[in-house]
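Copied from TrEMBL, the annotated features are:
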BINDING   A:115, A:118, A:119, A:120  Fe(3+) binding site
DOMAIN    A:23-204  domain 'Nitrile hydratase alpha/Thiocyanate hydrolase gamma'
């Protein structure tokens, strides 16, 4: 039975700290061996999950959603009204996308997303999260000094642009809808999607004009 | 000053003393085989009936501070699973360390086969629940957040405790994480609260930037 007892868990963690091998690769290998022996995991299913998130599910999905929103005003309206329904039109629903909220950048507003308490991220839409997103530095600083952090990413915003930081403390998952870069009027949806970076959909990148 | 709040290591928002953000060199999903294996274990393994999402988060939050700050991200996931298995009596620390079972395995149905992975990857979870609860606060209402101390799980970040904010949106009645971390499912109104950055940080006076935090009704008081 699960104890839900924090003090018991703290005690277990202390023992794990001293009794487990220190190399993470060895620790994970031992865990997998045990789980396979216990019949709790099928290693082929692990392979399948890895393949899926290495090949299929990644930021290209979000990029297609963004490009569609840029080129199809009715789709953009649906995306802003109900993000989960709008990504389901592409078949992109899945992990951590039950409550997707798209937030739109403009000349006056720049949005950026964080999870200060852990690492919440819309996996089925953007794939695995980047290391920096999970780092203590980003989680600590983006809610306090967003302009300084964004400058580290090469994003320098005018003082009169309002920065909105969205802290993912619930099961809502935020997708930043970046501004369509200038000079892309002639491009079709696929060409536009190729311009959209992962970081621009988290809010730590601004897509450059194409001349 | 308020005691207790912001002492928990995982509650990072606003913490001082951290350096520049180190960017990833590429967009690769995994940077080591063991990271990918741990991710896959997390997805494919059969868990105990009591392992809720917020219990998982709570167990990670209870990792000793030195490990939380220094151990790689997916290594912390390993430690969460190890701790939950020991807690449920599914394995001893020695069995986990050696990767070898001594006692009989827990009696559960067969694990997820590879053929189920695609369908499982497309399933979403809806955290809203239909209840009679009507939201106590209207959009635009001025609210103040409460203080929560101790080590129990909560999704009210310390930097947003005892602060004045404005209700930006009502999001429906969502499962309350503080209860889910104890294995209890109940739902109550969830709001997105807008805080002025200037109201959160002493050095940010005059800033027009805003921080939006999703908060449950129990964290809020009228002001």
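Placement of Cβ uses the backbone N, Cα and C atoms for every residue, glycine included.
What you see is a predicted model, and the numbers here were worked out from it, not measured in a lab.
Listed binding-site residues (A:115, A:118, A:119, A:120) with a CB under 8 Å from any chain B CB: A:118, A:119. Here the binding-site residues are A:118, A:120, and the one ringed by the most other CB atoms within 10 angstroms is A:120.
Taking the centre of the Cβ atoms of A:115, A:118, A:119, A:120 as the Fe(3+) site, the nearby residues of that chain (Cβ within 8 Å, site residues left out) are A:117, A:121, A:134, A:168. Mean model confidence for the domain 'Nitrile hydratase alpha/Thiocyanate hydrolase gamma' (A:23-204) is a pLDDT of 97.
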